[in-house]
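Q: Just passing along the structure, written as structure tokens.
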Amino acid sequence: MSSMAAPRSAMGESVRIVLRDEDEENGDDSPSAKRPKLDRFPLTRWEIVASLSVFFIFSAGLFCVYLTMPAADLGKLKLPRSISDLRLLKDHLGSYAKDYPAQFILGYCSIYIFMQTFMIPGTIFMSLLAGALFGVIRGLLLVVLNATAGASSCYFLSKLIGRPIVSWLWPEKLRFFQAEIAKRRDKLLNYMLFLRITPSLPNLFINLASPIVDIPFHIFFLATLIGLIPASYITVRGIYEGIVRCS
């Protein structure tokens, strides 16, 4: 009996080893195996070099614009913390914009597009400033055009290096977005307008993920241009009426 048990034990062990090897070859389907690996930065060395090169080119252009700006009294400028502070800032910048309108618009647009392209927080302050300085109609045009230009730059930057970053930061959200886009290919513009008008997905994620899920640029551009109007109008009109009441 003992001589028969030994071969059976050895045979069972051999079967277990073979099954384990097959599982390793086929891949582990457990939840832990499906979990994304976040222990490694998603960009390669060349992608990091490319992104830094684009950033420094934009920064150099912004610095060149700054060098063309006439001198101003920067001591009077401070970050506004209330409507009254914003009104004072508006008065200081308003006189500068009146004396040097072309240079001021160039500087404003360059800063706005730079911040939007590289996802730097603070564009809401730029929108408030547009409403305070230029009124509702001109401020709205300035905000929408600059926001669309910045989002378009972000779209092309993401097309260059965005896929590994978005897949690393938002894997589940990217899969959801890709599935929704696949279901709505026939009415893609309507869906993109819906996303821009409602807070279903953050604008930052939409800008970065759109080229990854193969949304055509003309659809992205039109949806951004039209979809940003309602929120921008509320922001610009609200701050303009607030400053008028404080005057």
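A Cβ is built for glycine as well, from the same backbone N, Cα and C atoms used for every other residue.
According to TrEMBL, the protein carries these features:
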{"type": "DOMAIN", "residues": "120-236", "note": "domain 'VTT'"}
{"type": "REGION", "residues": "1-34", "note": "region 'Disordered'"}
{"type": "TRANSMEM", "residues": "48-69", "note": "transmembrane segment"}
{"type": "TRANSMEM", "residues": "105-130", "note": "transmembrane segment"}
{"type": "TRANSMEM", "residues": "136-157", "note": "transmembrane segment"}
{"type": "TRANSMEM", "residues": "188-209", "note": "transmembrane segment"}
{"type": "TRANSMEM", "residues": "215-236", "note": "transmembrane segment"}
Q: Go ahead and report the DSSP secondary structure tallies for the domain 'VTT' (120-236): helix first, then strand, then coil.
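A: Summed by class, the stretch gives 99 helix, 0 strand, 18 coil.
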Q: For the domain 'VTT' (120-236), provide the mean pLDDT of the predicted model.
A: 93
